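Okay, handing you the structure first.
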Amino acid sequence: NTVSSFQVDCFLWHVRKRFADQELGDAPFLDRLRRDQKSLRGRGSTLGLDIETATRAGKQIVERILVEESDEALKMTIVSMPASRYLTDMTLEEMSRDWFMLMPKQKVAGSLCIRMDQAIMDKNIILKANFSVISDRLETLILLRAFTEEGAIVGEISPLPSLPGHTDEDVKNAIGDLIGGLEWNDNTVRVSETLQRFAWRSSNEDGRPLLPPKQKRKMARTIESEV
(Lines of atoms letter the chains of each structure in order from A and count residues from 1; the text may use other names and numbers.)
(Lines give C-alpha, C1' and ligand atoms only; values in the text may rest on other atoms or scores of the structure.)
Protein backbone atom coordinates (compact mmCIF):
# COMPACT_ATOMS: atom_id res chain seq x y z
CA ASN A 1 0.00 0.00 0.00
CA THR A 2 0.98 3.68 -0.04
CA VAL A 3 2.51 3.77 3.44
CA SER A 4 4.64 0.62 3.11
CA SER A 5 5.78 1.75 -0.35
CA PHE A 6 6.91 5.04 1.17
CA GLN A 7 8.70 3.21 3.99
CA VAL A 8 10.62 0.97 1.58
CA ASP A 9 11.53 3.95 -0.61
CA CYS A 10 12.89 5.78 2.46
CA PHE A 11 15.09 2.86 3.45
CA LEU A 12 16.39 2.30 -0.08
CA TRP A 13 17.20 6.01 -0.32
CA HIS A 14 19.15 5.68 2.94
CA VAL A 15 21.17 2.79 1.47
CA ARG A 16 21.91 4.79 -1.68
CA LYS A 17 22.95 7.78 0.47
CA ARG A 18 25.43 5.62 2.39
CA PHE A 19 26.80 4.42 -0.95
CA ALA A 20 27.18 8.03 -2.14
CA ASP A 21 28.86 9.04 1.13
CA GLN A 22 31.65 6.61 0.25
CA GLU A 23 32.17 8.58 -3.01
CA LEU A 24 31.12 5.59 -5.11
CA GLY A 25 28.21 7.14 -7.01
CA ASP A 26 28.51 8.64 -10.51
CA ALA A 27 26.84 11.89 -11.64
CA PRO A 28 23.48 10.34 -12.69
CA PHE A 29 23.35 8.40 -9.40
CA LEU A 30 23.95 11.55 -7.34
CA ASP A 31 21.46 13.50 -9.40
CA ARG A 32 18.70 10.96 -8.82
CA LEU A 33 19.60 10.79 -5.12
CA ARG A 34 19.16 14.53 -4.69
CA ARG A 35 15.86 14.65 -6.56
CA ASP A 36 14.48 11.55 -4.82
CA GLN A 37 15.21 13.22 -1.49
CA LYS A 38 12.95 16.13 -2.46
CA SER A 39 10.29 13.68 -3.61
CA LEU A 40 10.40 11.76 -0.31
CA ARG A 41 10.06 14.97 1.68
CA GLY A 42 6.99 15.90 -0.34
CA ARG A 43 5.44 12.45 0.03
CA GLY A 44 6.19 12.39 3.75
CA SER A 45 4.47 15.74 4.19
CA THR A 46 1.45 14.56 2.20
CA LEU A 47 1.16 11.32 4.18
CA GLY A 48 1.95 12.94 7.53
CA LEU A 49 4.81 10.48 8.15
CA ASP A 50 8.22 11.04 9.72
CA ILE A 51 11.00 10.02 7.32
CA GLU A 52 13.32 8.62 10.02
CA THR A 53 10.56 6.41 11.45
CA ALA A 54 9.52 5.34 7.96
CA THR A 55 13.13 4.41 7.15
CA ARG A 56 13.31 2.04 10.13
CA ALA A 57 10.01 0.43 9.13
CA GLY A 58 11.22 0.11 5.55
CA LYS A 59 14.38 -1.64 6.75
CA GLN A 60 12.28 -4.28 8.53
CA ILE A 61 10.21 -4.88 5.38
CA VAL A 62 13.30 -5.25 3.19
CA GLU A 63 15.03 -7.55 5.69
CA ARG A 64 11.95 -9.79 5.81
CA ILE A 65 11.89 -10.02 2.01
CA LEU A 66 15.60 -10.84 1.83
CA VAL A 67 15.24 -13.64 4.38
CA GLU A 68 12.46 -15.21 2.30
CA GLU A 69 14.19 -14.68 -1.06
CA SER A 70 16.41 -17.43 -2.44
CA ASP A 71 19.49 -16.59 -4.52
CA GLU A 72 18.01 -18.38 -7.52
CA ALA A 73 14.75 -16.44 -7.34
CA LEU A 74 16.72 -13.20 -7.08
CA LYS A 75 18.71 -14.07 -10.20
CA MET A 76 15.53 -14.86 -12.14
CA THR A 77 13.94 -11.57 -11.08
CA ILE A 78 16.96 -9.57 -12.23
CA VAL A 79 17.15 -11.37 -15.58
CA SER A 80 13.45 -10.88 -16.30
CA MET A 81 13.50 -7.14 -15.62
CA PRO A 82 14.05 -4.87 -18.64
CA ALA A 83 17.10 -2.69 -18.17
CA SER A 84 16.67 1.07 -17.98
CA ARG A 85 19.21 3.60 -19.24
CA TYR A 86 19.94 7.10 -17.96
CA LEU A 87 20.38 9.67 -20.74
CA THR A 88 21.88 13.11 -20.19
CA ASP A 89 21.73 16.25 -22.32
CA MET A 90 22.74 18.47 -19.41
CA THR A 91 25.78 18.57 -17.17
CA LEU A 92 25.35 18.48 -13.40
CA GLU A 93 26.09 22.22 -13.35
CA GLU A 94 23.34 22.94 -15.89
CA MET A 95 20.87 20.89 -13.87
CA SER A 96 21.65 22.43 -10.49
CA ARG A 97 22.06 26.06 -11.62
CA ASP A 98 19.58 28.55 -10.16
CA TRP A 99 17.68 30.75 -12.62
CA PHE A 100 15.30 33.67 -12.41
CA MET A 101 12.34 34.89 -14.49
CA LEU A 102 11.48 38.52 -15.27
CA MET A 103 7.91 37.59 -16.29
CA PRO A 104 7.27 34.20 -14.68
CA LYS A 105 4.59 31.88 -16.03
CA GLN A 106 3.78 28.52 -14.50
CA LYS A 107 1.41 25.64 -15.22
CA VAL A 108 0.89 22.37 -13.38
CA ALA A 109 0.04 19.50 -15.72
CA GLY A 110 -0.63 16.34 -13.72
CA SER A 111 2.56 15.58 -11.81
CA LEU A 112 4.70 17.93 -13.94
CA CYS A 113 5.39 21.63 -13.39
CA ILE A 114 6.02 23.82 -16.46
CA ARG A 115 7.78 27.15 -15.91
CA MET A 116 8.90 29.75 -18.43
CA ASP A 117 10.01 33.38 -18.69
CA GLN A 118 7.53 35.28 -20.87
CA ALA A 119 10.00 38.18 -21.15
CA ILE A 120 12.20 36.18 -23.54
CA MET A 121 11.64 37.19 -27.18
CA ASP A 122 13.30 36.57 -30.57
CA LYS A 123 15.81 34.05 -29.21
CA ASN A 124 17.11 30.74 -30.50
CA ILE A 125 16.29 28.18 -27.81
CA ILE A 126 17.15 24.51 -27.38
CA LEU A 127 15.42 22.06 -25.05
CA LYS A 128 17.67 19.65 -23.14
CA ALA A 129 16.68 16.95 -20.67
CA ASN A 130 18.00 14.23 -18.41
CA PHE A 131 15.76 11.19 -18.14
CA SER A 132 15.68 7.40 -17.97
CA VAL A 133 14.58 5.15 -20.83
CA ILE A 134 13.27 1.59 -20.74
CA SER A 135 12.40 -0.52 -23.79
CA ASP A 136 13.14 2.52 -26.01
CA ARG A 137 10.48 4.62 -24.25
CA LEU A 138 10.91 7.47 -21.81
CA GLU A 139 10.49 6.06 -18.30
CA THR A 140 11.10 8.97 -15.91
CA LEU A 141 11.85 12.62 -16.60
CA ILE A 142 14.42 13.96 -14.17
CA LEU A 143 14.54 17.52 -15.50
CA LEU A 144 14.05 19.40 -18.78
CA ARG A 145 15.33 22.92 -19.34
CA ALA A 146 15.20 25.47 -22.15
CA PHE A 147 18.49 27.25 -22.93
CA THR A 148 19.26 30.27 -25.12
CA GLU A 149 22.35 30.28 -27.35
CA GLU A 150 24.08 32.29 -24.62
CA GLY A 151 23.39 29.51 -22.10
CA ALA A 152 20.68 31.30 -20.11
CA ILE A 153 17.87 29.14 -18.72
CA VAL A 154 14.46 30.44 -19.82
CA GLY A 155 12.13 27.49 -19.20
CA GLU A 156 11.82 24.24 -17.29
CA ILE A 157 9.72 21.10 -16.89
CA SER A 158 10.19 19.23 -13.61
CA PRO A 159 8.33 16.49 -11.71
CA LEU A 160 6.43 17.66 -8.63
CA PRO A 161 7.97 16.01 -5.51
CA SER A 162 4.55 15.56 -3.90
CA LEU A 163 3.00 13.90 -6.99
CA PRO A 164 5.36 11.18 -8.24
CA GLY A 165 4.65 9.29 -11.43
CA HIS A 166 4.20 10.38 -15.04
CA THR A 167 4.03 8.75 -18.47
CA ASP A 168 5.96 9.49 -21.64
CA GLU A 169 2.74 10.99 -23.04
CA ASP A 170 2.53 13.36 -20.04
CA VAL A 171 6.07 14.51 -20.81
CA LYS A 172 5.33 14.97 -24.51
CA ASN A 173 2.25 17.08 -23.73
CA ALA A 174 4.26 19.21 -21.29
CA ILE A 175 6.97 19.74 -23.91
CA GLY A 176 4.28 20.86 -26.34
CA ASP A 177 2.98 23.37 -23.80
CA LEU A 178 6.46 24.77 -23.17
CA ILE A 179 7.27 25.03 -26.88
CA GLY A 180 3.96 26.72 -27.60
CA GLY A 181 4.55 29.29 -24.86
CA LEU A 182 8.08 30.09 -26.02
CA GLU A 183 7.16 30.31 -29.70
CA TRP A 184 4.29 32.67 -28.86
CA ASN A 185 6.99 35.33 -28.25
CA ASP A 186 8.66 34.67 -31.63
CA ASN A 187 11.40 32.48 -30.19
CA THR A 188 12.79 29.68 -32.36
CA VAL A 189 12.76 26.41 -30.41
CA ARG A 190 14.79 23.30 -31.18
CA VAL A 191 14.70 19.95 -29.40
CA SER A 192 17.86 17.96 -28.59
CA GLU A 193 18.50 14.78 -30.56
CA THR A 194 17.97 12.68 -27.44
CA LEU A 195 14.56 14.22 -26.79
CA GLN A 196 13.60 13.87 -30.46
CA ARG A 197 14.27 10.16 -30.28
CA PHE A 198 12.50 9.30 -27.05
CA ALA A 199 10.08 12.05 -26.06
CA TRP A 200 9.27 14.42 -28.89
CA ARG A 201 9.10 12.90 -32.36
CA SER A 202 7.13 15.73 -34.01
CA SER A 203 10.20 17.56 -35.32
CA ASN A 204 11.72 18.33 -38.69
CA GLU A 205 15.30 17.48 -39.68
CA ASP A 206 16.94 20.36 -37.81
CA GLY A 207 15.13 19.55 -34.57
CA ARG A 208 12.53 22.29 -34.80
CA PRO A 209 9.12 21.16 -33.55
CA LEU A 210 6.21 21.09 -35.95
CA LEU A 211 3.30 22.82 -34.21
CA PRO A 212 0.36 24.28 -36.13
CA PRO A 213 -0.21 28.03 -35.41
CA LYS A 214 -3.58 27.31 -33.77
CA GLN A 215 -1.99 24.79 -31.41
CA LYS A 216 0.79 27.23 -30.51
CA ARG A 217 -1.74 29.93 -29.66
CA LYS A 218 -3.82 27.49 -27.62
CA MET A 219 -0.78 26.28 -25.63
CA ALA A 220 0.43 29.81 -24.94
CA ARG A 221 -3.01 30.85 -23.69
CA THR A 222 -3.20 27.71 -21.54
CA ILE A 223 0.08 28.48 -19.76
CA GLU A 224 -0.92 32.11 -19.25
CA SER A 225 -4.43 31.35 -17.98
CA GLU A 226 -3.36 28.73 -15.44
CA VAL A 227 -0.83 30.85 -13.58
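Just so it is clear, glycine is given a Cβ too, placed from its N, Cα and C backbone atoms.
The model shown is predicted, which means the values in this text are computed figures rather than measured ones.
Residues or ranges marked as region 'CPSF4-binding' in Swiss-Prot: 177-212. According to Swiss-Prot, the feature region 'Disordered' maps to 206-227. Taken from Swiss-Prot, the feature region 'PABPN1-binding' applies to 220-227. The motif 'Nuclear localization signal' annotation in Swiss-Prot covers 31-35 and is backed by sequence analysis. What Swiss-Prot records for 134-143 is motif 'Nuclear export signal', and it gives sequence analysis as the kind of evidence.
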Take the region 'PABPN1-binding' (220-227) and average the pLDDT across it for me.
48
Tally the residues of the motif 'Nuclear localization signal' (31-35) by DSSP class, grouping H, G and I as helix, E and B as strand, and everything else as coil.
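Taking each residue of the motif 'Nuclear localization signal' (31-35) in turn, the totals are 5 helix, 0 strand, 0 coil.
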Let's see if you can do this one: DSSP helix, strand and coil counts over the motif 'Nuclear export signal' (134-143), in that order.
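With helix first, then strand, then coil, the motif 'Nuclear export signal' (134-143) has 0 helix, 8 strand, 2 coil.
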